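Asks: Handing you a structure now.
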Amino acid sequence: MMLFLPELALLITALVFFILTLKAPDSPKLHGVALISSVVVIITSLLCLGQTGELFYGAYGISSYSQIFKVFLGIGSLLILLTGKQFCGIKARFRAEYYIFFFLAILGLMMMVSSLDILSILVALELSSFSTYIMVALREDNPRGIHNEAAIKYLLYGVTATAFMLFGMSYLFGLTGSIQLAPLAEKLPQLMNQPIAVTSFILLLAGVFYKLALFPFHFWAPDVYEGAANETTAFAATLPKFGAIAVLIRFATLPGENSQLIINVLLGCALISMFYGNLAALVQKDVKRLLAFSGIAHGGFILLGVLVFENMGYRNAIFYTLAYVLMNIACFFVVSLISEGNKNLQVTDLTGLYKRSPLLAITFITGLFALAGIPPFIGFTGKFMLLAGALKAGHLITVILATFNTALALYYYLNLVRVTFCTDEEKEQAPIQLGVCDRATCILLIASMTLLGIFPTTILTIIESALTTL
């Protein structure tokens, strides 16, 4: 039972909220219960860090590799809840149900990082995905009804990605006679000279690419980010990346290091994601849509670490995923606090933010600088390591193009910074009052993005150690 403790805590939490939907669906204490539950999940994840073992006949593995992701997910869930401003953007009558799906989605992600066969990975992926589909639809009613459109698009794209993934799984099983990752890693490298093996492996990646919003499964991101409530967008934009990168690294060990065609496919997806995301972000007026296209580009950067096909590259990819999650949570935290009513935040709405709340402005600017890859923040450290690793692996042209994309992204990030410091004399801006918890969250996010950028050694060592148990 100790091996399954974080997942058990999440399952019990979901059951508690299910009971609360019957007894106190509108209780103001729901958010407090959720915060306490997230702290419990973090504690149970930390307690299980040194545990190893297998469950369910080898389909579920507990190791340092899986447990480090569970700690990240636990901390991330707490930050999302702090970002959520008591989830005011969610329909009041469904708020208790929202918490159920929130914790079930995290449970699915935790199951993803521990799954050791492709069928278990699919089940965990679907648990997380279907919970998130419902979360998107539970936004407070919008005159344009964009939340319903976003939920339908999210569902349709997700089902399509799952269909591709299942198709690839069926061929892999037919070729190797196994669905477990260990036998697949033994047999698949010998089959990678066959077109059907390459095709099936590429199809297998569809579900992961969907979670990372990578080309060609990125189309859902802008509409879902725009249509979902700020709290839901903050979740969908961040925590699923942990589950996706954990599974993608496991998949990357299957074909062996000499499959040049797979490397070329990953390179193509990474570069197209970067160019498409950054070019589309240049013309966005809605802040959440801008961050969606930015996320597509950052997914391409994460892929640079994976296509190196060695632990050092995997370490860099995990570190950059952690950086991306922190940077985006910081941005969405600010977006949630300054959004008025149920409206989406436009770029022009950021005008005079520094005058209204210097601390919020500094938090937002720190997140933007980190996303842009400006030193000394965590985004710079992560990008530098990814580019250095890709260059060492011989991908010179890719590194040059990725560097160009970094320069391209500077334009729209620095434009947001400019607007934040601008003031509109004709429009009276009321000061934003922050509570003690909001101030503490701002300081925590700023400190995390700065200190992990300057002193990354400790977390990199922990990730390296975890990768030895992959």
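Think of each number as a place in line: the chain as shown, counted from 1.
Positions of Cβ are set from backbone N, Cα and C atoms, glycine also.
These came from Swiss-Prot, pasted as-is:
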- 30-50: transmembrane segment (TRANSMEM)
- 62-82: transmembrane segment (TRANSMEM)
- 99-119: transmembrane segment (TRANSMEM)
- 155-175: transmembrane segment (TRANSMEM)
- 201-221: transmembrane segment (TRANSMEM)
- 234-254: transmembrane segment (TRANSMEM)
- 261-281: transmembrane segment (TRANSMEM)
- 290-310: transmembrane segment (TRANSMEM)
- 318-338: transmembrane segment (TRANSMEM)
- 360-380: transmembrane segment (TRANSMEM)
- 395-417: transmembrane segment (TRANSMEM)
- 443-463: transmembrane segment (TRANSMEM)
Asks: Given a Cβ distance threshold of under 8 angstroms, which distant residues of the chain, six or more beyond its ends, lie next to the transmembrane segment (318-338)?
Replies: 72, 76, 79-80, 82-85, 89, 230-231, 233-234, 237-239, 241-242, 245, 249, 287-288, 291, 295, 298, 301-302, 305, 345, 349-350, 353, 356-357, 360, 363-364, 366-368, 370-371, 378-379, 381-383, 385-386, 432, 434, 438, 441-442, 445-446, 448-449, 452-453, 456, 459-460, 463, 467
Asks: State the non-local partners of the transmembrane segment (201-221) in its own chain: residues 6+ outside its ends, Cβ under 8 Å from one of its Cβ atoms.
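Replies: Same-chain contacts beyond the ends: 118, 121-122, 125, 153-154, 157-158, 160-162, 164-165, 167-169, 171-172, 188, 192, 240-241, 243-245, 247-248, 251, 254-255, 262, 265, 269-270, 272-273, 276-277, 292-293, 295-296, 299-300, 302-303.
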Asks: Under an 8 Å Cβ to Cβ limit, what residues of the same chain, 6 or more beyond the ends of the transmembrane segment (290-310), are close to it?
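Replies: Distal contacts: 212-215, 218, 221-222, 224-226, 237, 241, 245, 248-249, 252, 257, 263, 266-267, 269-278, 280-281, 284, 316-318, 320-321, 324, 328, 331-332, 347, 371, 382-383, 385-387, 389-390, 392-393, 395, 398, 402, 405, 409, 412-413, 416.
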Asks: Using a Cβ-Cβ cut-off of under 8 Å, list the residues of the same chain that are 6+ residues beyond the ends of the transmembrane segment (395-417) and lie near it.
Replies: 267, 270-271, 274-275, 278-279, 281-282, 284, 287, 290, 294, 297, 300-301, 304, 307, 347, 350, 364-365, 368-369, 371-373, 383, 386-387
Asks: Applying the under-8 angstroms CB criterion, which one of 62-82, 261-281, 443-463 scores highest with the transmembrane segment (30-50)?
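Replies: Going through each listed stretch, the top one turns out to be 62-82.
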Asks: Would you kindly list the residues that approach the transmembrane segment (360-380) from elsewhere in its chain, counting only those six or more residues past its ends and only Cβ-Cβ distances under 8 Å?
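Replies: Hits for the transmembrane segment (360-380): 294, 298, 322-324, 326-328, 330-331, 333-334, 337-338, 350, 353-354, 406, 409-410, 413-414, 416-417, 420-421, 432, 434, 442, 445-446, 448-450, 452-454, 456.
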Asks: Within the same chain, where does the transmembrane segment (62-82) have neighbours whose Cβ lies under 8 angstroms from its own Cβ atoms, ignoring anything closer than 6 residues to its ends? I mean 6 or more beyond.
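Replies: Cβ under 8 Å, 6 or more out: 3-4, 6, 31, 34-35, 38-39, 41-42, 44-46, 48-55, 102-103, 106, 109-110, 113-114, 231, 234-235, 238-239, 242-243, 246, 322, 325, 329, 333, 437, 441, 445, 462-463, 465-470.
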